[in-house]
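Annotation source Swiss-Prot lists topological domain 'Extracellular' at 1-55, 108-129, 188-217, 361-378, citing sequence analysis. The N-linked glycosylation site annotation in Swiss-Prot covers ASN7, ASN28, ASN34 and rests on sequence analysis. Per Swiss-Prot, transmembrane segment is recorded for 56-77, 86-107, 130-148, 169-187, 218-240, 339-360, 379-399. Annotation comment: Swiss-Prot describes 78-85, 149-168, 241-338, 400-452 as topological domain 'Cytoplasmic', evidence class sequence analysis. What Swiss-Prot lists as disulfide bond is CYS125-CYS203, and the listing cites sequence analysis. What Swiss-Prot lists as region 'Disordered' is 255-285. Annotation comment: Swiss-Prot describes 263-272 as compositional bias 'Gly residues'. Feature annotation from Swiss-Prot assigns S-palmitoyl cysteine to CYS413; the stated evidence is similarity to another entry.
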Amino acid sequence: MELVKLNRSVQGSGPVASLCRPGGPLLNNSGTGNLSCEPPRIRGAGTRELELAIRVTLYAVIFLMSVGGNILIIVVLGLSRRLRTVTNAFLLSLAVSDLLLAVACMPFTLLPNLMGTFIFGTVICKAVSYLMGVSVSVSTLSLVAIALERYSAICRPLQARVWQTRSHAARVILATWLLSGLLMVPYPVYTAVQPVGPRVLQCVHRWPSARVRQTWSVLLLLLLFFVPGVVMAVAYGLISRELYLGLRFDSDSDSESQSRVRGQGGLPGGAAPGPVHQNGRCRPEAGLAGEDGDGCYVQLPRSRPALELSALTAPISGPGPGPRPAQAKLLAKKRVVRMLLVIVVLFFMCWLPVYSANTWRAFDGPGAHRALSGAPISFIHLLSYASACVNPLVYCFMHRRFRQACLDTCARCCPRPPRARPRPLPDEDPPTPSIASLSRLSYTTISTLGPG
């Protein structure tokens, strides 16, 4: 992605230099450095100071939220064993790319615009341009990988279990970083620091020709925006359809089972109907219900040599208000998919203006410059960087298990001093085991010894 350069006049001597700006001050000036003149926009000192204060404040807020939020995601996903799933592995890669975008790009974009010149040299110029492109590419490819992984887990669960492992996810993540690194090689090649006035330097993209610039802009628009958008739209559309059919299928199965039980006067032994398979779908077992389930699994019954006490192990059925395990698992999948959809929509909302401005700039530089100079390009700039801080907010508001893991991590990092337990008095009787404890002890003893 090209860096957004905020609107400012070129500092120079003479009346003409004060009216000239670099041709197309969009996205780090991807033109060839020619100057185009236009009437200056007269603004008071108070307006400039207010705009500068707002810009710096928004930059600081976005930077702190991006760095702090993504570091929190990396720490929580790295320390919590319950969150080490395939989907969260891709979310971890997404957090690393967002952190890279914030740390490696935001300071080197804001400071030159505040100082009026790029003081960091050619190496930093090439590195910032390259790392920003890699970060955006990794984020896009990670979202595509998450969509395909969710589609396989929900719509093709039995086939997906062969390859849906954390080791396979690690290989896919490595491939996304390598592919992004190769795709963004033209940025450091065609990026340079050039003078645009007395003691004024800019980090710009110097493409060999206008045709090359146009081809590159269209290529990025297709590879990193249009094609991923279509793939994710199709994948999440099929996922939504499958979840809807699963909920309806589960509801119909429950109605049929209840009518059969009423007609037969109940199932013997309090047994519950097992998982039903139809058209490749299966109803999960009770033990598989969870918030981040990857799909439904075929559970084989395990034989137990120990004596089974049906009176102690039979589940107590009651008309509870909560959903059944199969229905709860489908609802949990809906929550996860809804969270991922919000992440995708926010990502494309943040980067659509940048892609559009890049393409417009490549085909109509003067027109884009006249329309987007000033406040519009500043808004586009901040919106693109805001994509690095929205994911932590989405996780905190829409992922219950992530919130709990955050609390557990904070409790682990800041442990409370242990409370001193009161010592029993000398005349105090020892605790007497309850009836439930005795029942569990007897059952454990019988199960361990087995039938005589």
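Placement of Cβ uses the backbone N, Cα and C atoms for every residue, glycine included.
Remember, predicted model here, so these are calculated numbers, not experimental data.
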Across the topological domain 'Extracellular' (188-217) the predicted model averages a pLDDT of 91
With the greatest number of Cβ pairs under 8 Å to the transmembrane segment (379-399), the stretch among 56-77, 169-187, 339-360 is 339-360
Region pair the transmembrane segment (339-360) / the transmembrane segment (130-148), three or more CB pairs under 8 Å: yes
If you count Cβ atoms within 10 Å of the Cβ of CYS125 (disulfide bond), leaving out that atom itself, what do you get? 25
The topological domain 'Cytoplasmic' (149-168) resolves under DSSP into 14 helix, 0 strand, 6 coil
Taking the Cβ of each of the recorded positions and counting other Cβ atoms inside 10 Å, which one has the highest number: CYS203, CYS413? CYS203
The topological domain 'Cytoplasmic' (78-85): DSSP-derived helix, strand, coil residue counts: 2 helix, 0 strand, 6 coil
Flag the pair the transmembrane segment (86-107) / the transmembrane segment (218-240) as in contact if three or more Cβ pairs fall under 8 Å (sequence separation 6 or more). no
If one measures from the C-alpha of the residue listed as 'S-palmitoyl cysteine' to the C-alpha of CYS125 (disulfide bond), what distance in angstrom results, rounded to a whole number? 38
For the topological domain 'Extracellular' (108-129), give the DSSP counts of helix residues, strand residues and coil residues. 17 helix, 0 strand, 5 coil
What else in the chain is close to the topological domain 'Cytoplasmic' (78-85), if you only count residues 6 or more beyond its ends and a Cβ gap under 8 Å? 92, 166, 292, 294, 401-402, 405, 408-409, 412
The DSSP breakdown of the topological domain 'Extracellular' (188-217) into helix, strand and coil residues is 10 helix, 13 strand, 7 coil
